[in-house]
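J.: The structure is given below, and queries will be raised subsequently.
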Amino acid sequence: TATVDCSGYPQPACSLEYVPFCGSDNKTYSNKCDFCNAVADSNGTLTLSHFGKC
C-alpha cells in the first residue's frame, strides 16, 4: 500500500505544483499538500490509493 507522511498538515496554503495523488475517494489531488489537507479534513478516513492521477 502506498503511504504518505502527512505530519505537519493541514497547511493554510498549497503550491500550484502538479504532482498528482489519487485518493481513496477516487479523486485526483494536484499535489501532496492538497492531498494531505484533505486527509486532515477527513479525520484520517481518506487514504492514498496510488501515486498519479486516478
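Numbering starts at 1 and runs along the chain as it is shown here.
Cβ coordinates come from backbone N, Cα and C, glycine included.
Worth saying up front: this structure is predicted, and the values here are computed from it rather than measured.
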J.: Considering the residues N26, N43, which is the one that Swiss-Prot annotates as N-linked glycosylation site?
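T.: Comparing N26, N43 with the record, Swiss-Prot tags N43 as N-linked glycosylation site.
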J.: C22, C33, C36: which one closes the disulfide with C14 in Swiss-Prot?
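T.: That record, Swiss-Prot, gives the partner as C33.
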J.: Taking Cα atoms as reference points, which of the disulfide-bonded residues C6, C14, C33 is nearest to C54 (disulfide bond)?
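T.: Among C6, C14, C33, C33.
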J.: If you average the pLDDT over the domain 'Kazal-like' (4-54), what number do you get?
T.: 97
J.: I'm trying to understand the geometry here, so how far is the Cα atom of C36 (disulfide bond) from the Cα atom of C14 (disulfide bond), in Å to the nearest whole number?
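T.: Answer for this pair: 10 Å between alpha carbons.
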J.: What are the DSSP helix, strand and coil residue counts for the domain 'Kazal-like' (4-54)?
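T.: Per-class counts: 10 helix, 9 strand, 32 coil.
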J.: Do you see any of the recorded positions C14, C22, C33, N43 whose C-alpha is within 10 Å of C6 (disulfide bond), and which ones?
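T.: So far as Cα distances go, the recorded positions lying within 10 Å of C6 (disulfide bond) are C33.
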